[in-house]
């Protein structure tokens, strides 16, 4: 039987007080490797605590922490889904070959999760196995359904379901674990709200699937008024573990994997997925909103011909793409699942909070802030910006996120990438400009190199360790959740903080670091691609580009004349397109210091400023740059840009050597580019002359 302590904390007879957690994982594309690393270390820390309790170790907290819910969008959904399966079994942790004395020797705990995020999804496979640039998905004349070979992700999903080991439930995971995965439903679901005098019709494309995973854990969870009455599909871990071979994989788990891949189906880049469900799932669906839905909830207005009613169900299928397109931060689903009495918020005070949402957000770098006069008043530039604006707006959730940032809130936490090199004795710690290696190309960059993804996985583990030690805390004098007298001090776990009102408060970690979770996770070495690997990458991209373009021309056009014209355009424009892609890749790799062969000249200049100028010179939109144009792009002072350009001009023979156009008149601004990008002889000869209008000439940002 369950009983409540006088302070309201849910307890079980004969057990300790419980602190409940839920994890929300944001969309991240290839930076999902970071979220996976965070989850990996969290499982390691909770395992180590359970082991210490079983061994009777002293000075441990007198309460338990339990995992009740997960939610994810895009890469976050894939991480949550595979993480749940990985947590159902036990693999021996992988270790570093030569760990530093006193540092963490464990490389990863959840091998299935590591392989899914680090080993498998890559643009260029080092061993020749199928990768994201392979052409196997186009074999046999099949049509193009995505720019990249999404068969790789299908294979990852299939491998994740190969849970042939023994099911080993974890004591700190709910026996009925709620998992929400976000979907972008391209078909849409119609709704109507009735008013006096009429009705308002609308369509939602923000969809989700809700699974209740049975048997991954043994903790009998407390009731969830929101999730327990929401439409959810129960799925048993026992039906997966022990299954052997593709033919015996349970269909409900195949649907589970398909939903996770659908949530991660980035539009155009990765193939969409078809989700098969039924209208009854929507009749019971609840929304994480502040209105009470106990007696009234929105009901879809399906077509009359379907004859949908309380007793009549109807099959409903739809095409789904990236769930992060509409809801990239599914924080609210976990928050409502943890609520005792929704929509009333949980207790937030550090002395009373007994449940919390942990949000994993892999992209700490916000969207760029446009300068004056941007975007230009052109049709294409406005169209591009409208799409970006809509996407950024749906991610703007001040009502949810402001509460996370509030100083006194201890029921909502966020962990995001921070790359801070260990300081030398007496030195000052300084966070690096770029935290994750997967951040380039809008998040696709992690697929460039396995070392990029491994770096982010290890950074996730390191950041999680610091987060558990310093940020996931409660007041030392919490009403119901206590450490033994003096235990936190003996473990050197007390964190003293000065609040904005000047008062000093002592906090203790909610999850203690003990056993193999205590040694420091090593600082991962920043990963770089070598020039040969980069050249191979560009070559493989070109092969995929040409194959996809030719297949599109073949399957999407019926006119022979049109096919001939498009193939001719591909022939004459191929080199220009490939060069644009090469420069775009190189621009970001150089700016983020993620490619070898680009050492900077010795100078008293900040390296990240120098790389920003180099990136501006590599911008494929311009052939020649002015000091003012570079300053506008980099947000650096013009005098600093001039100093950097002068320094780079002296880097003879280096990739970073700058070239100054010799034809510039004294009354015009100087023009710069890299030596490797000098205009051709013809373009140089015709620059500024009227015949140049008949030929392609360099693009210059004179204004």
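Every residue, even glycine, has its Cβ placed from backbone N, Cα and C.
Here's what Swiss-Prot has on this protein:
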TRANSMEM  23-43  transmembrane segment
DOMAIN    23-335  domain 'PNPLA'
TRANSMEM  69-89  transmembrane segment
MOTIF     72-76  motif 'GXSXG'
ACT_SITE  74  active site, nucleophile
TRANSMEM  143-163  transmembrane segment
TRANSMEM  250-270  transmembrane segment
ACT_SITE  322  active site, proton acceptor
TRANSMEM  357-377  transmembrane segment
TRANSMEM  432-452  transmembrane segment
TRANSMEM  644-664  transmembrane segment
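Put simply, the residue listed as 'active site, proton acceptor' is 6 Å from residue 74 (active site, nucleophile) when counted between their Cα atoms. By the count of Cβ pairs under 8 Å, the stretch nearest in packing to the transmembrane segment (69-89) among 23-43, 143-163, 250-270, 357-377, 644-664 is 23-43. For the motif 'GXSXG' (72-76), the DSSP-based tally of helix, strand and coil residues reads 2 helix, 1 strand, 2 coil. Sequence-distant contacts of the transmembrane segment (432-452), counting only residues of its own chain at least 6 positions beyond either end whose CB sits under 8 Å from a CB of the stretch, comprise 28-31, 33-34, 118-119, 121-124, 126, 132, 266, 269, 362-365, 416-421, 459, 526-529, 533, 537, 584-585, 588-589, 592-594, 608. When secondary structure is read from DSSP and collapsed to three states, residue 322 (active site, proton acceptor) falls in the coil class. Within its own chain, the transmembrane segment (23-43) has Cβ neighbours under 8 Å at 67, 69-80, 82-83, 87, 108-110, 113-114, 116-118, 121, 170, 182, 264, 266, 322-324, 328-331, 333-335, 357-363, 415, 417, 436, 438-439, 442-447, 452-454, 456-465, 467-468, 511, 517, 521, counting only residues six or more beyond its boundaries.
Looking at the domain 'PNPLA' (23-335) alone, the prediction's average pLDDT is 93.
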